[in-house]
Amino acid sequence: MTVAVILMYPRPQGLSGTVIALVGIVLLVVGLLVGIRPTAPPVPTVVFVMCALASAVVNAAGRESSGLAEIAAMLIPLGMAGSIVTVLSFERFIQLADRALKAVVCLSLVVAFLIPSIGVTQRDVNAGAIRGIYEHRNGFAYVIALALVTHLAACAIRGGYRSSLWWVPIFGFGMLGASSVSALALVAVSVALYLWVRLLRGLSPEVRSMVTLAASSAALLIALAATLSWSRLLDAFDREDTFLSRTEIWQGAVTAWRERPLLGFGWGNVLGADDSPAAVIAAFSGYDVRSTHNGYLAVALQLGVVGLVVALGYLAGLVVLVLRRAASDPSGPAAWALQIVVILVLGDLVETRAFVNIGWFLLAVIWLYVKGANRSCSSASID
């Protein structure tokens, strides 16, 4: 079941949300029949879905689609996450996820080499970039980033890194073939986080807290310095034109959001028909867009400022949870949880990652596992 879920939720090209929903429902029903009772989903995700329902009701009039099907599809990953947490340990889940993500990466590379018309980007601007079984090269690079950090965590759990001699070059080749600078940046950040958590293992609990605070402060300073030197970084990676075009798309998205700032246009009603915000964004930026290229703007467009506040609160709570877990128990699962959350939080700055598909599913899994571990530690200390 775990492998099926991981293979399903990266959402390859041609696999519609309806197919994902149907497969997810079947897996949930099978789990219930064999006696699996899912753990209750994270409270913030329930509030987020309620915001989506409220927005759908407000925007239902005059629309062919109210987004109810998309909202229902959001509940299925939460149920799958609850089922997995019920029957698997955190370590076992990571090991199974490692195998599944490796299978996705290998399948994408095979498709790229054997069926280039599907697996290689054909457009002039990205000619030759590997996209595998995904609609865009960035989607493939994003899954490679998840696969790499999951592989490192699985190696830490097994206590050996010999298999990395084979897999890291494969991941590196796929990442270079996808030619995604944002994904490369996420990998660099995640590897730094992994090394930092490994460093914490040799320190006392008191020192860990101090090091965690110092590292968090240093990360903020580095982020500030990168912001001040943004133009130089873009010029170094030859991405200045890309950034300028996305800036215009973001400005168009903000203009569209101002039309319905409180509850947005409804979940799933963004960048669709001609009367949707896509028309506003296209008119402003001059680009025929299918993405806001910013997950936070996408949430604001669909659920308004109310949904955005809930989303940011959910992510902030997760960051605090995983930092506490890493400081108190710097193990392989703790490093993995921190890396995944950071990848999704930062990745949402350039694409919608945290609130759809595998990102939505993984955040729920991490919340439930880390919350459960924290409760167990608290109970043990009381006893």
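Glycine residues also receive a Cβ, built from the backbone N, Cα and C atoms like all the rest.
TrEMBL: automatically predicted annotations, no manual curation.
According to TrEMBL, the protein has these features:
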DOMAIN    171-311  domain 'O-antigen ligase-related'
TRANSMEM  15-36  transmembrane segment
TRANSMEM  42-61  transmembrane segment
TRANSMEM  68-88  transmembrane segment
TRANSMEM  100-120  transmembrane segment
TRANSMEM  140-161  transmembrane segment
TRANSMEM  167-197  transmembrane segment
TRANSMEM  209-230  transmembrane segment
TRANSMEM  296-323  transmembrane segment
TRANSMEM  330-347  transmembrane segment
TRANSMEM  353-370  transmembrane segment
Problem - When counting Cβ pairs under 8 Å to the transmembrane segment (353-370), the leader among 100-120, 140-161, 167-197 - result: 140-161
Handout entry: Leading contact stretch, 42-61, 68-88, 167-197 vs the transmembrane segment (100-120) - CB distance under 8 Å
Key = 167-197
Practice task
Establish whether the number of Cβ pairs under 8 Å between the transmembrane segment (330-347) and the transmembrane segment (68-88) reaches at least three, counting only pairs separated by 6 or more residues.
Solution key: no
Handout entry: Within the predicted model, mean pLDDT of the domain 'O-antigen ligase-related' (171-311)
Key = 74
Problem - Segment proximity, the transmembrane segment (167-197) to the transmembrane segment (42-61), 3 or more C-beta pairs under 8 Å - result: no
